[in-house]
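Among the features that TrEMBL reports, region 'Disordered' is placed at 1-27. Residues or ranges marked as substrate binding site in TrEMBL: W166, E176, D196, K198, 259-270. For H268, the entry in TrEMBL reads active site, nucleophile.
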Amino acid sequence: MRDTMAEGPQPKRKREEEEEAKNGGAVTQGAAAAFTLSDLRVRRILRESARDKIVFLHAERIGLSGEGTDAVVILEKTPFQEEKIPDLLKKPMNAELQMHNDIYCTFYLSPPPELSEIKATVVYPATEKHIQKYLRQEVHLIRETWEDYKNITLPFIQSQSFSIQWVYNILEKKAEADRIVHENPDPSNGFVLVPDLKWNQNQLEDLYLIALVHRRDIKSLRDLTAEHLPLLRNVLQEGKEAIVKRFGVPSSQLRIYLHYQPSYQHLHVHFTALGYDAPGSSVERAHLLADVIDNLAMDSMYYQKRALTFPLRADEPLFKKFQEAGKV
């Protein structure tokens, strides 16, 4: 559901539940008219992270009637590109000395535009749920039993109306067809592997791809049984092979995992570079795919028996449901 589950303390940077626009160009969504970033007016900062060099903004676009339509803008400094690093020192730029102490100097640089790119992701029109999603909130860990899932989590999920049409668009090749790295077209045991939007594909240090399964009847880890082992094994093996073939990254340098709770209710698997501290890769959220396969091979009903832990923000409706049930 890309919308109501907490990512934990780190900023959440993923393909959004609604189709997003990026990189400052003209944007359309559904019946929305085309616009550019200059059409948006910043209302407030929702959240920022100095460590990850990312800021989340609540903005609005003023229409011809004078009424504003909400938007969320995510501004993120892009990683250094290896081939451009020498230019940081060679090209003319303002270098302001900030500190000099013995052998140590600190400079503030003003590089030319081609060396100072910022990635902009826009959610427009944005609902109040989108805005709340990016607003900084306290985070709590939930320990969910199978009974909790049936009585609290599942009814809540079924009551939500967030669209995952963007997933079906990829699977049906109505969108992002040119970005597909690998596909197994089998309707039961196949999947599509595509780069995540947070990865610009210019360097391998923050490699990030997503495998979206063709089946539409598996929401999350909780639905998996031994019946799904052929599918999961295909994702694991073919995904690793596709990544080493296309990007030259061996499987020993990949982190391959599922989220619980996932951000959107369609089974998907994350492939990230092992050295990349990807959002949501922490122990309270990520389940290694190889471990999931082993668990299901031992017990087909493993994920219908065990309790699972996941983080929720204090403002999330599901957190309130657990509170009302006396589980927090």
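Using N, Cα and C of the backbone, Cβ positions are placed for all residues, glycine too.
In this structure, V269 is the one among the binding-site residues L267, V269 with the smallest number of other Cβ atoms inside 10 Å of its Cβ.
Counting every protein chain shown, the number of other Cβ atoms lying within 10 Å of the Cβ of W166 (substrate binding site) is 21.
Distance noted between the C-alpha atoms of W166 (substrate binding site) and the residue listed as 'active site, nucleophile' is 13 Å.
When the binding-site residues Q261, Q265 are compared by the number of other C-beta atoms lying within 10 angstroms of their own C-beta, Q265 comes out lowest. The distance from the Cα of D196 (substrate binding site) to the Cα of H268 (active site, nucleophile) comes to 11 Å. Contacts of the residue listed as 'active site, nucleophile' defined by a Cβ separation under 8 A and a same-chain sequence distance of 6+ are given as V167, I210, A211, L212, V213, L258, P262, in order along the sequence.
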